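Per Swiss-Prot, thiamine diphosphate binding site is recorded for 80, 121, 122, 123, 153, 154, 181, 288, 370. As annotated by Swiss-Prot, Mg(2+) binding site applies to 152, 181, with the evidence given as sequence analysis.
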């Protein structure tokens, strides 16, 4: 995609932040406007995360204008809002490739640019990393500054508050910027507040405060009186002094779209000692009315026409697994009032919006708090309810100890509906769901099911929901295959797979040809079936990763020369490893090939592209099997 840079006379001159810093401050508003226009033009033609970046235009310009990046460390939490940062740091002309195979990474990524201090993707990591960098900078003694930008959503995670608590305790020089685009914790935004922020962060006030502390430090009553006077002044127009109690110097809230006020305030705060906290209020989707009105809808967008008021509708397709899960929740809740559904801030992505509206008393969004969500569900189960935790595969990693300690050890009936299992696609390494089978399979008391289509998915949801212990149903991102769904009371037998294809015996076949049985786990069945037909192989849908269908495995091993396991999880510790362990424990001779994700992190690209690259499509499966048996 070729962009006419003549439409952006100032932005076209900015190839690195140093170019920005060489421009007069009075031009920053024009630069911000051009940057917002460029972002809109680029993402609308290529797709990508959208509304968050529109909301951080002025903040991004101000930070790169004030700080000497990349020498100074700038960290973006999660990274959805970092598109403007990428544009200003040498990646403007590649932005149209973002989230595409071989293109720019969807989030800040250390391998991509020296300006990306921390690789991110999951929320709430920025403050911890920034604190570590601040400690290292102090030891380095080169006056290197550290800044972390975190959103109000990410601030709900326990990890963020753990880091704030530590930072306030050890009091290293650092700046935390809260990008509050929800307006939920700050209403006092305007000229008076911006003026107060400049005043409280300015050298006269801070100098007076520090001098007073030194002068009056040995007179506790007077020191306390001075502190109370300062807090009274702040308290007239700012929110709670919670962050001050943690040990931070709190400034704000201020208008995050007034770039000159941002520059003035950040300049004032740059050289302050100790932990600083700046509260900035922004509008998600700023500058594009449709995104401002519906920031969730415009959080990530397909290609669209900015002149039109609606995003293009995708062509009618089969329901997604998320939709199938959401419908199952509603159907089950209609007949069982004990069902309760828990999600850590993923209602839209997990297909739970309708359920939340129809059954608000049975729905709990606990915010970005994966650890809490799991133990909260344990409490619900102990209390006699029937909890279902809807969570992405990559996010369940954060609740691992709670899964073991609070659910599995106590053998509680909590069902986990694990969405985005397997190869997710464009969000890259941080979001690929390729580890859940490996870290869950070793946990006692746990039943793990992997559906091959939407009918199997609902059967497994029905089955897991009725179990009196922990269960997991893991399903992929994407659409079903058009199967007819069962009723909500239909279940399947635990630990039993099904045979899909039986190899044809050819009398004239040479003895050198090996008979093959493919054991498919989960959504790989479609590609495995194509491979089995080409190879004249037996194919089974294993259904269960735990407990395995040991009888079926024994039968297949006895009747075939070679077994092949196929899964969209890491080979190490995955479903295939479970088959290996069982057969080796029997002491039986076996020739077995495990096909799955090898020992590396999967990059970004479409699901189809990554399956092909990993040789997890039908063509790749055939190649791997032929290579192995020959």
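Glycine too: its Cβ is placed from the backbone N, Cα and C atoms.
If you take the Cα of residue 122 (thiamine diphosphate binding site) and the Cα of residue 152 (Mg(2+) binding site), they are about 14 angstrom apart, rounded to a whole number.
All protein chains included, residue 80 (thiamine diphosphate binding site) registers 25 other Cβ atoms within 10 Å of its own Cβ.
When the binding-site residues 152, 370 are compared by the number of other C-beta atoms lying within 10 angstroms of their own C-beta, 152 comes out lowest. Spatially close to residue 181 (thiamine diphosphate binding site) yet at least six residues away along the chain are 52, 55, 151, 152, 281, 282, 283, 284, 295, judged by Cβ distances under 8 angstroms.
Largest Cα-Cα distance over the residues recorded as binding thiamine diphosphate, namely 80, 121, 122, 123, 153, 154, 181, 288, 370, equals 32 Å. Note on residue 153 (thiamine diphosphate binding site): other Cβ atoms within 10 Å of its Cβ, all shown chains, come to 20. The number of other CB atoms found within 10 A of the CB of residue 122 (thiamine diphosphate binding site), across every protein chain shown, is 21.
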